[in-house]
Ligand SMILES: NC(=O)c1ccc[n+]([C@@H]2O[C@H](COP(=O)([O-])OP(=O)(O)OC[C@H]3O[C@@H](n4cnc5c(N)ncnc54)[C@H](O)[C@@H]3O)[C@@H](O)[C@H]2O)c1
């Protein structure tokens with residue numbers, strides 16, 4: 001955990017959870033709660049690290065602040081393969097370990113979904129992104145983040161004076177975010193020329209068969225094969241000739257050593273922290289506009305906050321549209337005026353809001369004892 005960065009905002013708590021009976025490790029990072037409870041996803045992958053969870057928790061703090069939601073930022077990571085048949089047992093045990101961390105609200109992320117949120121809700125009494133029959137707004141099923149990304153794309157296109165209709169889109173990672181973004185973008189007239197998942201990239205400059213890819217994904221088949229076109233290796237997606245590149249998988253996939261392959265005019269960060277800061281700077285230097293995660297993929301968070309307040313689906317979509325449009329416009333204009341990257345401007349505004357809340361009665365909450373009453377091991381860093 002020596003690579004976790006601590007600063008004037010947080011993280012307030014870094015918890016290592018271990019259940020020897022399965023066994024599995026998990027991490028929970030509460031970055032900051034000055035503006036409200038820490039809402040953030042539960043990532044379940046074999047590769048997740050405490051550093052990744054801490055960076056993602058900070059992203060949530062900034063995303064909530066930029067969207068002006070009464071929330072802080074947190075994130076959990078369970079080191080496990082969510083395709084394993086023991087996933088339910090692991091998720092339920094994880095939920096019991098965090099049951100008394102009342103200012104963390106779990107939400108879906110990579111490897112978790114409405115079903116996992118139901119298990120967590122049953123064990124802890126809290127979670128968002130629940131199925132509709134439990135009174136939730138199933139944000140992945142509804143495509144909240146993908147919808148927001150399409151609004152963001154439309155706004156950036158207006159800013160660049162280019163039409164979204166006919167724009168060529170490449171989507172990396174055909175999961176909840178990537179598939180929904182592809183659906184909403186093509187509804188607005190964009191053309192899906194490439195999509196990738198773990199198994200490879202499908203590419204057709206004339207447009208892929210999105211319906212076939214969506215149907216394959218829904219039935220557990222391979223969307224890359226179903227989409228038609230040429231089959232390329234997985235990371236070939238970054239070099240595809242397109243207007244909009246939309247990373248929607250995992251962290252740090254765009255780095256200084258591969259950013260030069262990118263031929264898109266803009267990168268919309270559907271995933272959280274998909275690019276390193278050095279890569280974002282290099283892309284900006286080549287005239288590629290990068291809309292950072294804290295702006296572009298806020299749709300799911302906005303819907304989760306609406307669900308937490310008891311708002312309905314229509315209000316949630318309305319708020320996503322309003323906030324994505326105004327925040328994207330504001331960041332594009334302001335970053336241009338400041339001569340900074342959109343990320344730098346967005347994070348400066350977010351940091352200011354969080355610090356203000358910390359100083360103005362938004363007191364950092366009392367640090368809880370990290371050991372739980374269960375048999376788990378916990379440690380603070
Ligand atoms: N679900 C949301 O509403 C939401 C909101 C904001 C941000 N995000 C972020 O978006 C990203 C994706 O989340 P999701 O909910 O869609 O997860 P998901 O698990 O549904 O989808 C991720 C997809 O990416 C694929 N993938 C993994 N590694 C890959 C690689 N190297 N190349 C190509 N494909 C790869 C996986 O097979 C999977 O299909 C994450 O970074 C998440 O934090 C999600």
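Note that Cβ sites are derived from N, Cα and C of the backbone, with glycine treated the same way.
Annotated features in TrEMBL:
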BINDING   63  substrate binding site
ACT_SITE  75  active site, proton donor
SITE      109  site 'Important for catalysis'
BINDING   145, 176  NAD(+) binding site
REGION    356-381  region 'Disordered'
COMPBIAS  371-381  compositional bias 'Low complexity'
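Here the features listed in TrEMBL are painted onto the structure.
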residue: 63; record: substrate binding site; Cβ contacts under 8 Å, 6 or more apart: 73, 293, 294, 297, 298, 301, 350
residue: 75; record: active site, proton donor; Cβ contacts under 8 Å, 6 or more apart: 28, 29, 31, 40, 41, 43, 53, 54, 56, 57, 59, 60, 109
residue: 145; record: NAD(+) binding site; Cβ contacts under 8 Å, 6 or more apart: 139, 176, 177, 180, 181, 270, 297, 298, 299, 300
Number of other Cβ atoms within 10 Å of the Cβ of residue 109 (site 'Important for catalysis') across all protein chains:
25
Please give me the CB contact count at 10 A for residue 176 (NAD(+) binding site), counting all chains in the structure.
24
